[in-house]
Every structure is written in C-alpha cells, then in structure tokens.
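Shown next, in structure tokens, is the structure this report addresses.
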Amino acid sequence: MQRIPTFSKGGVHPDDRKVYSRSAAIERLPMPSELIVALSQHLGAPAKALKAKGDTVMKGEKIGEASGFISSDVHSPVSGSIKEIRKVTLANSVQCDAFVIVPDEVQPADPEETVDWQSLDGSELLSSIKDMGIVGMGGATFPAHVKFSIPKDKKVDSFVVNGVECEPYLTADYRIMLEKGEQALEGAMIVAKIVKAERVIVGVEMNKPDCIDHLKEIVKEKGYPIEIVGLKMKYPQGDEKQLLKAILNREIPSGKLPLDVGAVVSNIGTCNAIYEAIVLKKSLYERVISVTGECIANPKNVLAPVGTKMSDLLDFCGGFSKEPEKLISGGPMMGFSFFDTETPMTKGSSGLLALGAQKKYRSTACLNCGRCVAACPIALMPAKLYRYISNGEYEEAMNTSLMDCKECGCCAYVCPAHLPLVHTMKTGKKLGRKKK
Amino acid sequence: MNIVMAIIVVAVLGGIFGFGLSFAEKRLAVKKDPKVLALEPIMPGINCGVCGYAGCAAYAAAVALGEAPIGLCSPGGPDLVAKMAEIMGEKVDASGETRRKVAHVMCRGNVEVSSKGYEYEGLEDCNAAFLLFGGDYSCKTACLHLGSCIKVCPTDAISRDAEGYIIVDEQKCISCEKCVQICPTGVMHMIYEDSEYAIECNSHEPGGKVRKVCTVGCIGCKICENKYPESGCSVDKFLATFDQTSPHSQIADAAEACPTKCIIKR
C-alpha cells in the first residue's frame, strides 16, 4: 500500500469543522457603506499614505506606498472619497493609520482585457507583483515580491503550493481551488517562471478529495507540469516547514528559510491573487474570507473588499444565530480573538469565526507529562519554555529556542493541565526581545 | 592500643593538612584590589541588578577597575555615591538629587469606574494581557492589576490591597525601577517620596476620551493650574502633574475642586 505523505514529528488532529461553510459557493459582498483600509496589512513596515483627507480615489489606485524593504503597497478597493485618516486597531492588535473610504454609488466595471504573461520575463513579473501589493494570503501576509526575489547565490528547484488549509473551520482556499482552480494553477505557473523552479507541486489534504480531483483534471486538460499531492490530515501541515517535510522530505534548519533548502512555498490563495494581478491587472484589494462558526446564522465564503468592517460581513451572513463567546479573525488555532466588530478585515484575513461557549477549564500546575513535547512539530520543549518564562528567565528561554516557536498552538491544544502555553510563548518573545 | 594508634594517625594527618592550609593561605593568596574590598561592604547587598551588573559585588569590581561609573546604584542613593567617590578618590557633584524616589501606581481605575473592552481570561501577567489590544481596560494606559510588578520587585515592596489596587510599601522600596521597566502600560512612575500629593492618572488622552472610559481619570481641565496658581500643579498634554518644590499652599483646595478627584493625598 502506498504511504500517504505527511510530516513526521508532532502535530495534532483537531476536528476539522469545515462542514459549516464548505458547500457555500463564493459570494460577492454588496458594497459596504464605508471601508477602513489599513496601511499595515502586511508583515514589516507600514505603508506610507499617498492620499489625504478629502481626496478622491479610483478603484485599484495605489493609496499607500511600501516604506521599507519588507513592506507592501496598499490599493483602494473602491472608487470613492476619503472621509478621514484615523488610527485603528486591527484584529491582531496592530495599531496603524487607516483610510476611511466612502464608496461612490456607481463603481467602474472590471476591465476585460487580459495580459499574456508568457511574453513577460521574470523581473517584469516580479515588479508587477510588487506594484499590485501582493502579500501571502495564508495569514502571515509576508510581501510576495520579497519572497520571490531569489538571491543570486541561491537556487530554487521546487515551488510548493500550499492548498492544505489545515486550520479547522476555514474553507476560503477550498472554495478557491474548486471555483478558481484554473486561475490559481496558472498563477502557480507564473511564480514558477519568476523563481525558475523546475517542479511545481500542490499539496492538498485528503479531507478535500474533490479539490484534488478537480485540480488534477485541470492539470491534465491544460498540460501544466504540475504535480498534485494528497496529504494525510494533520495540523499544522500548512506551515511551510511542515509542508516541505511532507512533500519534499526536506527540513529547514532553525532560523533559515525554505530558500535555503531550494524551495519556495506559497499559498494557493496567493497564486490566485498573482494570476489576477498579472493577467487581469487587478491589484490586491479583495479576498475570499470564510465567515463561519457555530454562531453564524448562514455561514458563507465571501469575496469582500479589503477594509470591510467585520460587522458588514456578519450582517451579510445573517448575523448571529446565538450569542457568540468569542470572535476570531483567522483560524481557531492561530487566529486572533478580537472584540470590536467595527474592526476592518485585511489582506491576511482568511476567516471570521464566531464560536459558541465552551466548557471552561481551570489551569493547573504542569504535570510534566510531555504531551506538548510530543505534539510540537518543530521539536521544542514547551513545558520547559513555560517554566522559564513564568519565572522571568527570558534569556534562558531564548537559549532554549523560544524564537523558533511559531505559535501553532499544538502544545496548548494537547495540554491536559490547560496551561495557556501559546500566550506564554508570545509574552516571552516580547519580553525576551525587549531585554536583548 | 588500637585507639591510641588511631588518635596518633588522625593527629598527625590533621597537623600536616593544617600546615598545608596555613601555608596556602599565606603564600598562594589571591591579592584582591583594596578598593574592591572597601567597596563591597558598603554596597546595599540586595543584588537587584539595576546597575546592569550581575550583583553588588560585580558592580563594585567594575567600579574599582574603572569600567563602570559611580552612581548607577539607585538603591544606594546619594549617600552611597558620596562614600564610593571617597574610596575611589573621585569628586562628585554634591548638588545633585538628594530626594529619594519611590514607585507609585498612577491609576485609580478599577472594574467599577473604568470601562472594559473585553473579558480577559488569559495568563495572569500584565505583559501577556497587554499583547491583546493593550489590556482589557478601554483606557490603554491603565493599571491592569495583574501584578507583573509584584513578581519583579526584589524587596517585596509591592502588593495588592483589599480592593485589588496595586500598592507600594514606600519604606521597603529601594527605587530600583524594575517595576517601571516591566510595566507594559507605563502606569508605574517614580515620584518623590516627600510629595504630599500625587495625581493618580496616566492618560494623556483628551478629556472627552478619558470621560468615556473612566470616571476617575485626569481630563486636563486645568482647574488646578488656572484657578489655584499656588497649587503646584501643571497640566501638560491633558495630564496634570504635581510638584512639591513649587509653591503649593492651595493644593488641598485644588484637590477638592478637581472634577474627577484624581488629586490624591498620599
């Protein structure tokens, strides 16, 4: 029997709960009355505002310019006027300036002409990715043009597309693969040309067999040199380290990037955005977000402009069916819980979850059972780190590879003492950096 | 007979080792810098680490070698600076600060008078709570009452009172400022110990915004500054501060007139 690939160390098996929104086709959100477009929708330095209060903006016009090496442009999702520039707090607690844009009643139609990307060379493609403000859409929002700029001394042989979507509840990538699979795979081919990769591999978890079949059909029809690989379900397979281990059996050393082992990893949603940016000349100003959870009346996958307030998304999905205990932006394992429904979504918002009341457990002392060590996909010792951090020994924690922790949540998920391990790691990282 | 042999053997061995040890003490002794020897006993000896060295002995050694300046030790205060300068043969400017400073929480907010954005259920640590939208209070410069300062205080000077407020025992406080460094919201301030009053608010937000989230915060109305010029209060960026050294005969009246009663007699 053929072995189904997955990563080897650690990982957990949460209930996938994708049933709420998996059968809901992507729907376009009716134009909201107001958009809050934040200037820090990516990892790195916030963009610099190019417009002022009272200015009018066009759909797709650049309104924020990248202000550093790791930074990205921001575009207006609508034609309209800027009501004000104000400080906002995003769902991940980042504070930044944001444009409040009131859309015009009549919006211009999307241009129909397409660009033949085959005629462009790698650097032209890369610069248009930069101009279109593409960032990683899995949630980390790392600027795509930085990721795809391969240093001269590095060589990339494989481009791995992440269609895993291992977070429970989320179905945005699933719907993209089913409905926009052609676009996404063509986007993957564009990236492969930029990074000069010989192999293009798409990894999809086995809980999405229809996606695997659909993508395989497209590949056969179009004759793309793309491999579609079904992966065994395990969280956090969508992390680039785990994905490379599962697909290519390569391990990324501590503090290194996939580039160092000759691979580039990108999300399937990003590939779709790249296709739209290059071929349809559409900058990244809208994305698919799953609005789901037990407390949402009609869970949906919504194509919404960036900057849509969470309250508009909730209204579109029929509001709450019962009072939610927790609102989460992103997935339940790595997402951020937030409380203000006026918070805007960003380029990295893959989900909006409203979860019901759960049984509450009191944290007890660490039992030294070692389950967190077994669950950690990068072989850290969360219990040891927890002890160091709660005793204020941040330097020791940093020396015990605290900075390698990617806050995937496996340790806290399995902890029988219900210790808030991930929260501790985040606190320790912050204080450890401050000390240094 | 056996017992006599045993006594003789032990006595001879003891004599040899004793001689060896006394020889080693005299001849192989490591010479310590007399300055270090003089400095070590006058240090406060609490090893708080505020000077940036591993402890009092390490700092004394660094000073003796000339690697560290005198005056990094805040628990020691001006007395220690004078003593250290005498030992090191340096002249220090004696006109400097001689008033002792103590830590003080500049916030009277609590669950009843301040509004909360959400219910925090995480780790009992202020820095952990601060990661989530700067804490559960709507005021982002408030005391979070989770007690990170209590944990870092080397002399156990900080505790919680019956109402849950963080209080500082000013007798025990050694002005090491560890609590000031750990506090994520910056609500812990160093104030002069002899100040009779303190304005217990840390919010530089305009009055309207403070009013929305808290009923005991300074709204920057300037009544203390304008109506009572002799109150010793001055308002900067919507937050009043009290200065004991300026004329302050009217401070009791100003405290009475303060609309949010945030001028507190200590």
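The first residue you see is number 1, and the count goes up from there.
Heads up, the Cβ atoms here are built off N, Cα and C, so glycines get one too.
Of the residues A:C369, A:C376, TrEMBL puts just one in the [4Fe-4S] cluster 2 site with A:C405, A:C408, A:C411: A:C376. A:C408 ([4Fe-4S] cluster 2 binding site) sits 12 Å from A:C372 ([4Fe-4S] cluster 1 binding site), taking the C-alpha atoms as the reference points. For the pair A:C405 ([4Fe-4S] cluster 2 binding site) and A:C369 ([4Fe-4S] cluster 1 binding site), the Cα-Cα distance reads 20 Å. Taken residue by residue, the domain '4Fe-4S ferredoxin-type' (A:357-386) breaks down under DSSP into 10 helix, 0 strand, 20 coil. Residue pair A:C372 ([4Fe-4S] cluster 1 binding site) / A:C411 ([4Fe-4S] cluster 2 binding site) shows a Cα separation of 4 Å. Each of the binding-site residues A:C366, A:C369, A:C408 was scored by the other Cβ atoms within 10 Å of its Cβ; the lowest score goes to A:C369.
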